[in-house]
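Here is the structure we will look at.
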Amino acid sequence: MTAAIIDGKAIAKDIRAELKEEIEALKQTGMTPGLAVVIVGDDQASHTYVNSKERSSKEIGIHSEVHRYPADYTEEKLLQKVEELNNDDRIHGILVQLPLPKHISEDKVIDAIAPEKDVDGFHPVNVGKMVIGKDSFYSCTPYGIIKMLEKENISLEGKHVVVIGRSNIVGKPAALLSLMHNATVTICHSRTKDLPAITRQADVVISAVGIANYVTADHIKPGAVVIDVGMNRNDAGKLCGDVDFNNVKEVAGAITPVPGGVGPMTITMLLFNTVKAAKAKSAK
Ligand SMILES: Nc1nc2c(c(=O)[nH]1)N[C@@H](CN(C=O)c1ccc(C(=O)N[C@@H](CCC(=O)O)C(=O)O)cc1)CN2
C-alpha cells in the first residue's frame, strides 16, 4: 500500500480563500480584523514565522502590526505592551511569538493577554474551556490538524488516536481536540514503555516529539493515518518531521509530509482565530 499524501499547503490555501471572502464581507459592515504580533530577540526561525504571519494576514485583508524588540527587552516593558494591545480597539488578536528570551516568563506574558484576544489559544482560560469541551480559541497547530482531517473527510468518531508528545502547545491540545471529536485517545511520551506496541493499535498517529525518524514503519498499523508535527533538521540540514516518511508511506493509508503538511495549517488557523475574534467583538 502507498499512502495518500495529505497536502497541507493546498488545504491551507482553500481555507485562506474562504477567510478572505469572509473578511471582505466583514469590511462591508465597517469591521476590519486586526492582528498584533510581538517578537522579542533575534531567533532567525521565529523572525521567518513572524514575517510569514504578517504577509499572510495582509494577503487576506487582516490589519497586521508587528512589534519587534531586541533580545534585552525587559519583561516589564513587554507586559506593558501587551496591556496596551489589550486596550487597542483596532486589534482583535494578540500573539507573542515563542520562544521568548530566558529572562522573560512565558507564562506571565501569556497570562497577561486578554483571553478574548488570545488567538494562539495558549491562555489558561482558553485551555480550560477546551478541557471542558467549550468553544474557545484552540491552539493553532492541533486545531490545524483537526481542520485538515475534516477537509480530507477523515472522521475521528470512534477511532483510536495515539498522540506522541505531551507539550501544552501541541500534544495535550491535539489529544483534547481529538477527544472532543469522539476519538478514543492515548497520549504517549518519553517514558512510555513499548511505544510501537501502542502506536500499532492506532487508527490515527499524531507525532509531536521533535526527533527525526522517531516513528518508523513498524510503529504503524497498515492503513492508519499518520500526522507528522515534527520540525527537525536531518544530518544534511534538510527540514524533516518525526516520521520516517519514505518507509511509513508504504504502510500508512494517509500521511502528512514535512514540509507542506501540518506546518502551513498553523498560520492558517491563526488567521482563522483572528477572524473569529473580530466576529465575536462585532457581535457584542
Ligand atoms: N506564539 C507562537 N509561537 C510559536 C508557534 C505558535 O503557534 N505560536 N508555533 C511554532 C512556530 N510556528 C509559528 O509560529 C510555525 C512553525 C512552522 C510553520 C510552517 O509553515 N512550516 C513549514 C516549513 C517552513 C520551513 O521551511 O522552515 C512546513 O512545515 O511546511 C509555520 C509556523 C513555534 N512558536
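Yeah, the Cβs are placed from backbone N, Cα and C, and that goes for glycine too.
According to TrEMBL, the features are:
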type	residues	note
BINDING	G165, R166, S167	NADP(+) binding site
DOMAIN	6-120	domain 'Tetrahydrofolate dehydrogenase/cyclohydrolase catalytic'
DOMAIN	139-281	domain 'Tetrahydrofolate dehydrogenase/cyclohydrolase NAD(P)-binding'
Sparsest-packed of the listed binding-site residues (G165, S167) - C-beta count within 10 angstroms: S167
Cβ-centroid neighbours of NADP(+) site G165, R166, S167, 8 Å, sequence order: V163, I164, N168, V170, G171, K172, I187, H189, A208, V209
Helix, strand and coil residues within the domain 'Tetrahydrofolate dehydrogenase/cyclohydrolase NAD(P)-binding' (139-281) as assigned by DSSP: 53 helix, 26 strand, 64 coil
Residues satisfying Cβ distance under 8 Å from R166 (NADP(+) binding site), sequence separation of at least 6: K172, I187, H189
